[in-house]
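As given in Swiss-Prot:
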- R24, E81, K120, K446: (6S)-5-formyl-5,6,7,8-tetrahydrofolate binding site (BINDING)
- 216-368: domain 'TrmE-type G' (DOMAIN)
- N226, T245, V247, T250: K(+) binding site (BINDING)
- 226-231, 245-251, 270-273: GTP binding site (BINDING)
- S230, T251: Mg(2+) binding site (BINDING)
Amino acid sequence: MNALPSTIVAIATAAGTGGIGIVRLSGPQSVQIAAALGIAGLQSRHARYARFRDAQGEVIDDGIAVWFPAPHSFTGEEVVELQGHGSPVLLRQLVARCIALGARQARAGEFSERAFLNGKLDLAQAEAIADLIAAGDLRAARAARRSLDGVFSRRVDAVSESLTRLRIHVEAAIDFADEPLDTLGGAQVREELTRTRALLAQLLRDAERGRKLRDGLHAVLIGPPNAGKSSLLNALAGSDRAIVTDVAGTTRDTLHEAIQLDGFELTLVDTAGLREGGDAIEREGMRRARAELQRADLALIVLDARDPQAARDALGDAIDAVPRRLWIHNKCDLLAVAGPMDADAIAVSAVTGQGLEHLHTRLRELALGDGIESVDGEFSARTRHVDALHRAEQHADAADLELRYEQLELAAEELRLAHEALGEITGKLSADDLLGKIFSSFCIGK
């Protein structure tokens, strides 16, 4: 366990008033500070009623104190939690008193950082705490809970252990360079690498799914002016979030709205209509629309059902950047007779609601790419995890190629780089600046 001499303190409950507020202490002076507050006779993991007093002996608040001795606490250090009334004034006074007694104000995420540094959890698990708190729906919360329980980390460790075995074999073969690789178990090494690459590819697919569970799907409504994009956003959101008029080009800026699809969060982005010309403000809106497309998981291409082909032509190559697209023929209620429909398009009316149920179904199907049903063991992941897995996969693929040509030194280097990429996920090979960025994004008191 790493020795961290300072004792830190922070409010651990959410900002604002509430029935209960918690102040958390962690560090070697936690019990002594609690005693100076007037809390005597603390027993391990026993709740004790006490009055919390200031320097003059006046009662700041009363409540429950709980002591978690090291190393059997969240941070691995001496921890005392003071549970009083949820008054911000009283909680701040209690923190100030703890600081006067020798503690210091905790940095954002410092409790979780200490838990990581003391080996109570790895980096992916620490991040899962923040993801669990910020989860926008039940499914994302359950996925974050699994990551906190170590589901993701154990799978990363399994691939990492396989890479370790491979590196040992390849490094040993380098030491016997005069011997052909096959006489040194080269066939078994290649088989092991094939299995490892398969495990890594599956882990990457599952992490992509976990990233979408955490972040939700980013769907951009794109199309020519006056196709009904804003009306469709309002219809899907169930409220008048966007301004709607008969004037083409009403939408000048992007508008984000999160909706729930069977427990999955989908962020809809309304954008300015794409067309040639327009004034300076409209052109800036179109530039932002194209920028949103670059970040989109899904493009919802909204066309006027009365002349969809002309609307398609007007878009040009703007949608080429998005691999996943859903074509929507809006205003189908204005058709005197049903016109020709593209096989991949959905006919809807944002005004009457016609076709919206079908659209919801297709959005649910597209939400996770390979089905909408919850998968056993699905976990939460972040973009940085997915990026690290991509790099690990690329290096493992390169190692396989080098082994085929018996370029052992190059194969060993590629395996090392793959191993390092995986280590970034759990924090076993992470630079200090990366750790600082990650934990600084946490809440104070976590």
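Just so it is clear, glycine is given a Cβ too, placed from its N, Cα and C backbone atoms.
Per-residue pLDDT, averaged across the domain 'TrmE-type G' (216-368), gives 75. Fewest other C-beta atoms within 10 Å: among the binding-site residues R24, K120, K229, that description fits K120. Annotation: S230 carries the greatest number of neighbouring Cβ atoms among the binding-site residues N226, S230 [cut-off 10 Å, Cβ to Cβ].
Comparing Cβ neighbour counts within 10 Å across the binding-site residues E81, A272, the minimum falls on E81. Mapped onto three states, the DSSP output places K229 (GTP binding site) in helix. If you measure from the Cα atom of E81 ((6S)-5-formyl-5,6,7,8-tetrahydrofolate binding site) to that of A272 (GTP binding site), you get 51 Å. Measuring Cα to Cα from S230 (Mg(2+) binding site), the binding-site residues that fall within 10 Å are A272, out of R24, K120, A272.
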